[in-house]
Amino acid sequence: MLGGEDQTETSFRVTRPQLAVAGGLSLALVALFVATMPFARLPTHNTEILVPAYAAATFVLEAMTAALLFALYCARRYLPLLFLASGYLFGALMLAPWALTFPGVFTGFDMDAGLQVTAAFALLRRLAFPLFVLAFALAPRREITTNASLVAISVCVAATVLIEATLFFRDWLPPLMLDGRQVNLLWQVVPALAMMLYAVDIALLLWFRRSALGMWVCIVLFSLGIELLLISYLGGGSRLSVGWWAGRLYGLVAMSIILLVLVAQTTLVHVRLARTVAAELRSREKRLTAMEALSASIAHEINQPLASMVTNADAALRWLSKAEPRIDKAELALRRIVEDGHRANGVVRGIRTMFTKGTRERAELDLAGIVAAAAEEAARDARHYGVEIAIEGEGEGEVPPVIGNAVQLHHVLRNLIENAVDAVRAGPLRARRVTVRLSQEAHGEVHVCVADTGPGIAAEVAERLFDPFITTKPGGMGMGLMFCRAVVEAHGGSIWASANAPQGAIFHFSLPVAILSVTDAQARSGVEEKAR
Amino acid sequence: MTDAVVYVVDDDRSVLASLESLLSCEGYQVLTYESPKDFLAARCPDLPGCLILDVRLRGASGLEFQRELARAGIATPIVFITGHGDVPMSVTAMKSGAVEFLLKPFRDQDLLDAVREGIGRDRRRRARDAEIAALRVRQAALTPRERELMPLVASGLMNKQIAAQLQLSEATVKVHRAQIMQKLQARTIADLVRIVDQLAGSGT
C-alpha cells in the first residue's frame with residue numbers, strides 16, 4: 001500500500017513558521033558547506049582524540065531521539081513512527097563499535113580489530129538509516145498495537161548480531177580502506193548508494209507530504225547528504241581532514257534536528273497543559289461549574305414549554321368545567337399544548353445532538369473545514385436577513401490540524417456566527433456583514449475570530465459575557481457563549497471578545513495545534529462526518 | 001372579577017398565551033407584554049392589578065426590573081415565575097415585596113391564589129391611597145392658623161393650654177377647634193388623631 005490513502009486527499013499540513021525555520025536552516029547549512037569547500041582536503045593532526053567526544057555526542061542525541069520517538073509511538077501507535085525510532089536506535093548502536101575500532105583512538109586498549117572493520121560499521125550505519133526512513137515513508141498509516149519495548153529489544157539484538165558478525169568475519173570483509181586514513185576505490189560505492197537512498201527518501205517524503213515530522217526528516221536527510229559530500233568527495237575521502245570533520249559536524253546537527261523539534265513540541269505541550277489545568281481550576285472556582293450551568297439552562301429550556309403545557313391544560317380544564325363550557329377556548333389551549341410538545345421535543349433533540357453524538361471522540365481536525373461548514377449552514381438563515389457571511393484567512397489544508405471534537409467545535413462556530421448575524425441583522429443593509437477569519441499563530445495555535453458590525457458589547461455585560469444566563473437577545477437562553485467557553489477550554493484553548501472598529505464586536509477563540517501530526521486521514525473523515 | 005387586571009411579562013409567547021387563557025377564564029382582564037419595555041410603554045387601566053413577571057427577561061433580570069419599578073413608584077404587586085429558581089433568588093424577590101415566587105411549571109391554583117392575594121393587596125393599597133387623597137383635599141380646606149392648631153389639638157391638649165401656648169384667647173381656640181373637626185369630618189378627638197396619623201404617615 002503505497003502511501004496509504006489517496007494522495008490528493010492528504011494536504012500539506014506543515015505550518016508556515018515551521019517552513020520558514022526549515023528553509024532558513026537549509027540555507028545556513030548550504031552556506032556553511034560552501035564556506036568549508038576550499039579547505040576540505042587539508043588534513044588535520046592529532047584530532048583522533050576528538051573522535052570519542054564526537055561519537056559520544058552523536059550517540060546521546062540519537063539514543064534520546066529514539067527514546068522520544070518510541071514514547072511518541074506509545075502514545076499515538078502509528079506504524080511509521082516505529083520505523084523512524086528503530087532507525088535512530090540502530091544508528092546509535094552502530095556508533096559505539098565504530099568509535100571503539102577507529103584507528104589510533106583507543107590504542108591503549110590494544111584492540112586492533114583490523115583495517116576494514118571501522119569502515120564496515122560506517123557502511124552499515126550509513127545505509128541503514130535511509131532504509132529505515134524509507135520504511136517510515138512507505139509504511140501504511142495504520143494504528144498498531146505492537147509493543148514498543150519488544151521492537152527496541154529486537155533492534156538491539158539485531159545490531160549486536162551484526163556487530164558480532166562483522167568482527168567475526170573481519171578478515172573476509174571487502175577492502176574498503178587503503179590504510180588508517182585513505183579509502184579504497186571500492187568505498188566510493190557506499191556514499192553513492194547512500195546519496196541515492198537519501199534522494200529517494202526525500203522525494204517520497206515530499207511527494208506524500210504526510211506530516212510535519214516527515215518534513216523535518218527531509219531536512220535531516222538533506223544535512224546528511226551534505227555531510228556525505230564533505231566527507232567522501234570534497235574531503236577526498238581521507239579521514240580526519242577538515243572536510244571530514246566539517247561533515248561530522250553536519251551529521252551532529254542533522255541528528256539533533258528531530259530531537260530539538262520533539263523537545264520543543266513537548267515543551268509547548270507542557271505549557272498548554274498547564275494552561276488547560278489553570279482554566280479548569282478557574283471554571284471550577286466559579287459557583288456554577290459548566291455542567292451545573294448547562295443542566296440549569298437545559299432544565300430552563302425544557303421547563304418553558306412544560307410550564308406552558310401545564311398552564312394550557314389547566315386553562316382548558318377550567319374552560320370546559322364552566323357552567324357554560326367554552327369548547328373553542330379549550331381547543332385553542334389544546335392546540336398550544338401540541339405546539340409546546342413539539343417544541344420540547346426540539347429542545348431534547350438539540351441537546352442530544354450536542355452532547356451525545358460522540359462528544360468524547362477526539363480526532364485531528366482541519367478547523368478550516370469546520371469553519372466552512374458552519375458558515376455555510378449559518379448562511380442559509382443569514383440570507384433571510386440579508387446578512388452576508390465572509391470567510392477570510394487560511395483555507396482548508398493551510399492550517400495545522402487541531403485535536404478535538406468536530407461536533408462540539410461545529411456548535412461553537414455556529415453559536416458565534418449566529419450571534420454575529422443576530423447582532424447585524426437589524427442594522428443598515430450595507431453593514432450586514434459577518435466575517436469569519438482563520439489564522440495561524442506563531443505559538444502553535446490556530447486562531448478563529450468572528451467579527452460583526454453590530455451594536456457591539458455593552459460595558460455592563462462585557463465582564464459576564466461568558467457566564468450562564470447572560471443574554472442580550474430576545475428569547476435568548478444565555479447559554480450559548482457559556483457553552484462555547486466550556487468547549488474551547490476543554491480543548492485547551494481560550495475564548496475572548498473584543499471591540500471591532502469602527503463598531504461591532506469580535507469574538508475570538510484559539511486552539512492548540514496537534515503535536516507532530518502523524519496523520520490527517522482521520523481529520524478528513526471527522527470534517528466530512530460533521531459536514532454531512 | 002372584571003374589575004381587576006393582571007399584567008403578564010414573559011418573553012416566551014407560548015407561556016403568555018397559556019397564562020392569558022387561564023386568567024381570562026377566571027374572569028380577569030389580562031394584558032400581556034413580551035418585555036418590561038413594552039409594559040412600561042403601555043397605558044395601564046386604573047384598576048386594581050397584579051403583575052406576573054418572569055425572572056429571566058431580555059437583557060436584564062426580572063429582579064432588576066422589580067427594583068426599577070419600585071424606584072419609579074409603581075407599586076403593582078408582583079408574582080414571580082421562573083424556569084430555574086434558586087433560594088437566593090427567591091429570597092431577594094420576596095424581600096423586595098414580591099407576593100409569590102413560583103417555579104415553572106406551577107400548579108394553576110398556586111398561581112391563581114397568588115394573583116388573588118396580589119390583587120387584594122393592590123385593592124387595599126388603592127383604598128388607602130384614595131382615603132388619604134380625600135383627606136388631603138379636606139386638609140387643603142384648613143386655614144394656616146387651623147393647620148397650626150391641628151397637631152396641638154390632636155396631641156390632646158386642652159383649649160386653655162393651646163391658648164396659652166399660642167397666646168390666643170380660649171374662645172378663638174374653641175372656634176378653630178370646631179372648624180378643624182368639621183372640615184376634616186372628624187366626629188371625635190379619636191377620629192382626628194387617626195386622620196392626623198394617616199396624613200403624617202403618607203408624607204406631605
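Here the Cβ of each residue, glycine as well, is placed from N, Cα and C on the backbone.
Here is what TrEMBL records for this protein:
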type	residues	note
DOMAIN	A:297-515	domain 'Histidine kinase'
TRANSMEM	A:19-40	transmembrane segment
TRANSMEM	A:52-74	transmembrane segment
TRANSMEM	A:81-100	transmembrane segment
TRANSMEM	A:120-138	transmembrane segment
TRANSMEM	A:150-169	transmembrane segment
TRANSMEM	A:189-208	transmembrane segment
TRANSMEM	A:215-234	transmembrane segment
TRANSMEM	A:249-274	transmembrane segment
### Summary
Lying 6 or more residues past either end of the transmembrane segment (A:215-234) yet within Cβ distance under 8 Å of it, the residues of that chain are 14, 18-19, 22, 25-26, 29-30, 33, 36-37, 40-41, 84, 126, 129-130, 133, 136, 183, 187-188, 190-191, 194-195, 198-199, 201-202, 205-206, 209, 243-244, 246-248, 250-251, 253-255, 257-258, 261
#### Entry: Close approaches to the transmembrane segment (A:19-40) from elsewhere in its chain (Cβ under 8 angstroms; 6 or more beyond its ends)
215-216, 219, 222-223, 226, 229-230, 234-236, 241-243, 246, 250, 253, 257
### Query
Looking at the stretches A:81-100, A:120-138, A:150-169, which one shares the most CB pairs under 8 Å with the transmembrane segment (A:249-274)?
A:81-100
### Task
Name the range, of those listed as A:52-74, A:81-100, A:189-208, that has the largest tally of Cβ pairs under 8 Å with the transmembrane segment (A:150-169).
A:81-100
